[in-house]
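See below for the structure under consideration.
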Amino acid sequence: MSKRSVEVINISDSSDDENHVSAQEKAHHTFIPSAAELPPEENIKDTQQPKPSTGRNSPFNFLKERKKLEAERLERVDRHKRVKLESGAQNKPSRMITNETPGKYTDGVVKQTINVLSEKNEGVCSIEECFGPKDKLKLVIISSFVRMDEFVVPLMGNAKVVCAQPIKDKIRNWFMHDVFAHGTYHAKIFTTDGWLRVVVTTANFIPIDWMWNENTVFMQDFPLKGQTLGGESSEQKSGFQSDWTWFLYKLKLNKSLKLVADQMPDTPLPNVDAVNKWDFSRSKARLISSISETYSGLENIRKVGHFRLADLVRQAGCGIDNNGDLMTKRGDSTKHEWYVDIECQGSSLGAYKPAWGNEFYNSACGRFNLLPGLEDDAKALKGKRKSNNNEWPPIKILYPTKNMALNNRGSISLGGNFFMDNQKWSNKDFPRDAMYRNPSKRGAIFTHAKSICGILKHKHMISKSKIAGKSKKTENGEKVTFTSDEESDLSATESEPEDKGTENNVAGGWVYIGSHNFTPSAWGRLTKAGKLNISNCEVGVFLPLYGDDKVSNALADEYLTYSRPVVKYDDEDIPWLREDYELELRKGG
């Protein structure tokens, strides 16, 4: 198929310090491949999904396939099992539970998006599945960094829609909510026949992110209180519910919800407090958000950005102090050097320097000792050892190489929403040794997903004979017991179950999935005055991984898009740069 050059539209889905896009540009400029830029038909695998048309408006033709997609979605739902996001002892790396409510994900699920370039589309998610039958939608709250109205409006039916982005043209039933922030959150909330569905996705509302480039989706459905299985509901507020309530208040959503209520008196969500009508007791994920602002004081700082990550890492029992000891004691684990092995995947890279890398790593270990007044935080820093801010910490940065991009199954145009440039790559401070490839498990396709994986590991061998069966109580009074693993060193523990089965495991790792790219603009940067400066508005979910490092790695594999263990860039590898992308377009690549 012949390919023509196209006008290059520079957008960034998680702006770094050098990349700024106005809200108007985000609303009007969405990168959609034209017919001439679409992958050749011979490269498209038979996935039993709609193939892109060769007509000029092929992304729009995708809308005509909704009936077929819905039938296929219902067939997949019948055979698809749920992700098990609950804690508790696990003897094998399973994340599935039985389908209890057809069409609902009552315990949460993590899925990858449909990709027409891959033959591996079992258990994936379409945008139709995310929203469900449009005749059942009542209220939708949505946003993404870029949006194509022709693509997304038909999904909404007659629902009232609150959109946290500018709306180009007046759309019936749509209400614009101005976040007044650079970057917008990738969260969606909608109500259907009494249920509330929360969706956090790495995808934008454009066809390229739901057909050609791989993205990740987290979904969970919550019933109204009193309508849960067994008819009982928990009155105790869950962490996930508190997270969402705070986030929606911070976005000043009440004003827009009132506008909706004025037109729809029976609106299911007249204000943010009405979230309390739903039962969140089965939620296991936690929310990490970033909202553009400068924060000061521990109580404010720990709610956002990478310090929010630090708080959740501590709560999950994954904290490591500056001496390499676990903050949550596990047997005789304090005698060994622990660290967190981190893998960061995204579609945009920052102008990294070791100082910020160590700042982020400090939070990934659950430490607050960089904040004023907490320099001697007993949990974070037992001794006076200081990390070397001139060296990059154990953080692997995953990003496609130029060779991976040139050999993807589609066209070069599909690589237009990845952001790394030669100026950053050439900087002497850029951590080149930390660069790793991120090939998709589904073949040679572009992966637009953003994720961070942290697995607890230790530097020294632990004697199985010394630790097997030993137990201690954590600071919360929970008893944890070391178990022996015949094939690998032990880096975490399992809880010793009691008759009631109420004790939780201490996590051996965690996964983040959401809109945050691994950049200071998204996660925040500490100022010299000890304040946290965040440029973007982002949101994602934190998923603890329960078990030792072997089990945690297996669980992480279920959530992540790329092949593991990851492979380091070789001497010939360079990242997929904007300059190379634009050059290939001019060449007709």
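Heads up, the Cβ atoms here are built off N, Cα and C, so glycines get one too.
Copied from TrEMBL, the annotated features are:
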- His448: active site, proton donor/acceptor (ACT_SITE)
- Lys188, Lys450: substrate binding site (BINDING)
- 17-28: compositional bias 'Basic and acidic residues' (COMPBIAS)
- 46-60: compositional bias 'Polar residues' (COMPBIAS)
- 1-60: region 'Disordered' (REGION)
- 466-506: region 'Disordered' (REGION)
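Around His448 (active site, proton donor/acceptor), taking its Cβ as the centre, 25 other Cβ atoms fall within 10 Å, counting all chains. Sorting the binding-site residues Lys188, Lys450 by the number of other Cβ atoms within 10 Å puts Lys450 first. Distance noted between the C-alpha atoms of the residue listed as 'active site, proton donor/acceptor' and Lys188 (substrate binding site) is 18 Å. Reduced to three states, the DSSP call for His448 (active site, proton donor/acceptor) is coil. Secondary structure at Lys188 (substrate binding site), as computed by DSSP, is strand.
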